[in-house]
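**Q** Before anything else, here's the structure in question.
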Amino acid sequence: MADQDLYPVPPEWAAHARVDSAGYDQMYGRSLADPGTFWLDQAKRLDWIKRPEIAGDWSFDKSDFHIRWFADGKLNVSANCLDRHLAKRGGETALIWEPDEPSEEPRRFTYAELHAEVCRFANVLKGQGVVKGNRVTIYMPMIPEAAFAVLACARIGAIHSVVFGGFSPEALAGRIEDCGSTIVITADEGRRGGKRVPLKANVDAAAAHAPGLTTVIVVKATGGAVTMQAERDVWYHEAAEGVATTCPPEPMGAEDPLFILYTSGSTGQPKGVLHTSGGYLLWASLTHELTFDYRPGDVWWCAADIGWVTGHTYILYGPLANGATTLMFEGLPTWPDASRMWQIVDRHKVTTLYTAPTALRALMKEGDGFVTATDRSSLKLLGTVGEPINPEAWRWYHDVVGQGRCPIIDTWWQTETGGAMIAPLPGATALKPGSATMPLPGIDPQLLDPEGVVLNGAASGNLVIARSWPGQMRGVWGDSDRFFQTYFTTYPGKYTTGDGARRDEDGYYWITGRVDDVINVSGHRMGTAEVESALVLHPHVAEAAVVGMPHDIKGQGIYAYVTLNSGQDPSDDLRKELVGWVRKEIGPIAAPDKVHFAPGLPKTRSGKIMRRILRKIAEGDVSSLGDTSTLADPAVVDDLVANRVV
Ligand code: WT7
């Protein structure tokens, strides 16, 4: 590693940060040597109705598989995010909302105001018959009411399932049905980059495939026209009229479910990742404070959507548990122009920004002028998440956006992990562009070879986590076996992440990307199997195979090989139709970038598609296709190479 690729901890950070290098070593060591004491001590950062006396109680072994944290504790997550701050900082800003349209006024809510809004929303839900344990689907734009709805569920013990507003009615219906939710909270329309998203109309369309849906609460956001169905649909502002702004928080067991969030895997339909209350909140709060060196007075901006886990943990739960001021942005980084994010930083004096490499690459492409025209002197620290950050984007973030003053905190984690897992601490860890660096306290990463042998020292392998941590997912909704099967059978006794990684001679981790059939499009996970299922639903498609391909902005794009039914001819119109079809079936994020009409796919004699070869061709790496002798028909490969879509 060349010296210029190491960014030492700036002396002022070492001196003032919550944790310095010696502090990290000590904390990390204690977390693994005496986890019981360490975690019960950490648990004090939450307000418990009944303080837990046991920390982790878990086994990854098949015969005794279970994961529980603080299981004898009782708490309410919304009370931890709201009520406990009222006495000390009830008048301080909890939430800043920046609208899509820059000429509109932002909205601000103090902790006292947010508390009142959440209680009111909770009472409306109760009025609709929602009780503890019910599943509530939230399909909302990035407006404050989305935050109220999420926290209102937590307050009454209902399990929220937020579905990203970019998902199609079909995808929404599947998620409503899977978790058996009878109620959806939505808005008339969403806005992003000056465009309207017909959320309520999408819910209407989803309802046709979700027979269990009985109640739709509609927030009036844009005032756009919607059709309300008597019996089923309720305007939030009407239901909320005269409703009390206090609501007692429901006492919850630490292991009671808090939320479900659907995410793509390598097989089948998206799975409902289940997180519970105590351990998740602890992990959200601890990692937000440690990783980003959160201090009272900071203005924290996580530029994700609440439809993803990043939004759950780092727009809402982590920062609010810590009493922070958290910013929520309705719009897009590139609208009205590529200066928008930096204007927001200046407008609200943002101190800490957390965003994704794909956004940085998109902005970098527009030139430095959009950045340098703004002040940004409020910024102290910059974070990134979602996919490996290429060193070029890292340096641009550091040098241009952060004017060389701000540590870049590259956080590796997953929907399943609840919060950051491998990340530098700004006062403790020298940075290397492109490396997520070191494990957080309690996290025990290992690299394994394909046979499951633990690799020591500098090595590359499959990244697993060898012990449980409080923020770990607890199950797949409705399918207890799928959780164990998906994550604990490849390497028995360990949590398999699905990522590959390299550990360098200094012990730094470099995530190299997924080792399964999951692709990462703009920091969002897409199962290739899902896109394939959508494609084969089209009447002209016989077979489809989908792989990732390198993409300058998105990180990975979607390359789809499609075999048509006999008698169907490939055409540009059909290509467009198929792209539109996938958009409609899943949502715009799943739309293939390239559609390759293939008369045949490379298969082994037993009929298994050789994805390795398809990946290579999509990447344009056709000189090293490896052994194709086991193929049923090796000539198929030559045809694919000759007709590669560029
Ligand atoms: C997958 C998880 C974590 C919230 C957003 C995505 C990739 C995530 C990084 C990073 C390299 C990363 C991994 C992981 N990933 N962060 N800092 N460096 N890769 O959550 O949708 O559950 O996706 O995103 O491949 O497995 P997700």
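All positions are counted from 1 along the displayed chain.
Cβ atoms here come from the backbone N, Cα and C positions, even for glycine.
Keep in mind that TrEMBL annotations are predicted by a computer and have not been checked by a curator.
Dumping what TrEMBL says about this protein:
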BINDING   ARG192, GLY193, GLY194, LYS195, THR310, SER522, ARG583  CoA binding site
BINDING   GLY386, GLU387, PRO388, ASP410, THR411, TRP412, TRP413, GLN414, THR415, ASP499, ARG514, ARG525  ATP binding site
BINDING   VAL536, HIS538, VAL541  Mg(2+) binding site
DOMAIN    83-477  domain 'AMP-dependent synthetase/ligase'
DOMAIN    530-608  domain 'AMP-binding enzyme C-terminal'
MOD_RES   LYS608  N6-acetyllysine
**Q** When the Cα of THR411 (ATP binding site) is compared with the Cα of each of the binding-site residues ARG192, LYS195, THR310, which one is closest?
**A** THR310
**Q** Return the count of C-beta atoms lying within 10 angstroms of the C-beta of GLY386 (ATP binding site), excluding that atom itself.
**A** 22
**Q** ARG192, GLY193, LYS195, GLY386, VAL541: which of these binding-site residues put a Cβ within less than 6 Å of any ligand 1 atom?
**A** GLY386
**Q** Near THR415 (ATP binding site), meaning Cα within 10 Å, which of LYS195, THR310, VAL541, LYS608 (recorded positions)?
**A** THR310
**Q** I'd like to confirm something. Which of the recorded positions, GLY386, PRO388, LYS608, has a Cα closest to the Cα of VAL536 (Mg(2+) binding site)?
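**A** So, of the listed recorded positions, the one sitting closest to VAL536 (Mg(2+) binding site) is LYS608.
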**Q** So of all those binding-site residues, GLY194, GLY386, TRP413, ARG514, SER522, which one's Cα sits nearest to LYS608 (N6-acetyllysine)?
**A** ARG514
**Q** Let me make sure I understand the span of the ATP site: among GLY386, GLU387, PRO388, ASP410, THR411, TRP412, TRP413, GLN414, THR415, ASP499, ARG514, ARG525, what is the greatest distance between any two Cα atoms, in Å?
**A** 18
**Q** Between the binding-site residues THR310, THR415, whose Cβ has more other Cβ atoms within 10 Å than any of the rest?
**A** THR310
**Q** Among the binding-site residues listed here (GLY386, PRO388, TRP413, ARG514, HIS538), which has the Cα closest to the Cα of LYS195 (CoA binding site)?
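**A** For LYS195 (CoA binding site), the closest Cα among GLY386, PRO388, TRP413, ARG514, HIS538 is found at GLY386.
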